[in-house]
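What TrEMBL records for B:27-47, B:89-110, B:122-142, B:171-195, B:216-238, B:278-301 is transmembrane segment. According to TrEMBL, the domain 'ABC transmembrane type-1' annotation covers B:85-294.
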Amino acid sequence: MSFLELRGITRDWDGQGGVRDISLSLQRGDFLSILGPSGCGKSTLLRLIAGLEQPQHGTVVIDGRDVTALPPAQRNLSMVFQSYALFPHLNVAENVMFGLKVRRVAARERDRRLSDALKMTGLDGLERRKPAELSGGQRQRVALARAAVAEKPLCLMDEPLSNLDAKLRHSVRRDIRALARNLGLTVVYVTHDQGEAMSLSDTVALMNKGQVEQVGPPSTLYNQPATIFAAQFIGEPPMALVEGPLLGLREGLTVGLRPELIQLSPPEQAHLTARVLDCEFLGSETLVSLDHPAGQGLAVVLPGHASQVPGDSVGVILPEQDRRIFDTHSGRIEKASQQNPAALNRQNTAPRDGQTAPEATEPSFDLNRTTS
Amino acid sequence: MAGPRAIQGPAMTDPLKLERRRRAIHGWLLLSPALAMLTVFALYPSVATFWTSLWSRGTRRNPSEFIGLENYRALLEDPTFWKVVWNNLLYAGVTIPASIAIALIMALWANSRIPARSFIRTAYFTPTVLPMIAAGNLWLFFYTPSFGILNKIGALFGAPSVNWLGQPDTALWAICIVTIWKEAGFFMVFYLAALQTIPPDLKEAAEIEGASRWTYLRRIVLPLLMPTTLFIFVNAMINSVKLIDHLFILTKGGPSDSSKLILYYIWENAFAYFDRPAAAAMTIFVLIVLGLLAAFQFLVLERRTHYQ
């Protein structure tokens, strides 16, 4: 029995924006991230769960109860806003206890929960400060504490880290995870940062243009993206994409491969030859971006400090067992049986300035079409 | 300003001192326009008024002479003055809370999602845009006995004709209503602006916490509107002492001083009875009271107000 269930949720504004026909379900205690680029409807989906928006179609079920028509307060959930939505005239303690006072929780119980929440979020000693006197990270923690004292089983978070700097984001990210575990919260977490989604969640729902593109554990989304969009959105750097015909596949297929699985090789053994665009030294490894007319986002990750000269031609091996093959037009994954194993060893050694392989000149490689 | 001290240096050979001096001159130059304006239009008139209030009223036979605080003593013994002060207190006590409350209610309403919102906002604001004299004449027509609109409506229900402005019992109240009508729309604009600075997610956060609309209003909106309320309060206070034009049109302070307010009485003393020193003494009295009020508002109320 799932704890949170969305069935066919649709909400748009005169056909603009919003979400279309979304169904999701979530077990109690799960951490679900809703991931997607801005404007994909992920915040709308969260607001629909919270009850701050009403769906045009579909139902929201929380803990076996159909709450579609209920106001937010009766849905038994708490929420952390992107802007934190702290009350500027109330101090930290008053902000955190606002909901408890409204719900007339007894004073002793209130104080106990307050001190627990402040301890958990490391806000001890800041009780009397106003939000304006706090740093961004502290404000963020007040918002978390306010959600924590409510002791509601479901917690919704709308891009809670987007206003923090990179370092803080990392530490608060860990706090959120710990908080959710300690309190046994079921969390729905909206973010546009794939790193956040991957590191925090048990399940990631990737959204695009108002629809769910793929749902699954982070490792599945990373290793087995179901669509070209997923392949390109998840991972830093994202999956490299190569036109199928270049690797001996039929027209209309696209091959995707994680850059860390791509290898450099001598030209005679390579699947294709590409030109070095740029080298980024990342400390433990070096990311070498490559350019090939029939490829997109081609890159190689080399251990340690590697020095490739931009403009050089290098041979590249795309290991067959790691390839993901997509239909270029629908953007969906193809069955593995559609691969043509016999053609996989064919080489294509066309550098950019040399004689380009005839397949590569075809302008059939259009990513904008793939997700429609 | 560190200006004057910097100039007092001895020999200006030191380049640092020269630079300091240059900066001081610069500072005084920037200050001088405001300084000149304030001196000519605020400081000098106040001092001159105070000076005038210390002299007797001059006639052709008795030239004015220095009499010290005699004018103030006479003022305190003048029953009309006390009547006027009482009128003014009543007027302020009625119009300020009423117009602030009405302004707040109208602003909350005009800020919510209602049809023809901008029309309603404009309609509320119209009384403020109307020239005072025009508004006065309009209300003169409303209040006219027998064929004024109020009495016409009253007559439909069989009420007797009332001369609202012409009897001591109702004249001041009639003036109060005109003021509330005019001020509320003006104050509403400030409240409306303040309401629009409150981020909508505060309401959503309160909603999720289970706060009712009333709780949200009382615990969140009203405290966040406090700076605006204080500003409006100070303005309303000043306006209540400044009112004169409605009186000219509607009652001329009558009947039997029942609707006379302080500024009108000062004007009467100065330009109808030509008793300038008495008017000057009254002006100083008003200045002192207003100054004390402002100090109270900014020192006491300010501290209890949250500014974002």
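Cβ coordinates come from backbone N, Cα and C, glycine included.
Whatever TrEMBL says is automated annotation, not expert-curated.
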* Asked: When you scan the chain for residues with a C-beta under 8 Å from the transmembrane segment (B:278-301), skipping those not six or more beyond its ends, what do you find?
  -> 46, 49-50, 52-53, 57, 71-72, 74-75, 81, 230, 233-234, 237-238, 241, 262-263, 265-267, 269-270
* Surrounding residues of the transmembrane segment (B:89-110) on its own chain - C-beta under 8 Å, 6+ positions past either end -> 117, 120-121, 124, 172-173, 175-176, 179-180, 183-188, 190-192, 195, 217, 221, 225, 229, 232-233, 236-237, 240-241, 243, 261
* Asked: So what's near the transmembrane segment (B:216-238) in sequence-distant terms, Cβ-Cβ under 8 Å and 6+ beyond its ends?
  -> 92, 95-96, 99-100, 103-104, 108, 183, 187, 190-191, 193-195, 198, 202-203, 206-207, 290, 293-294, 297, 301-302, 304-308
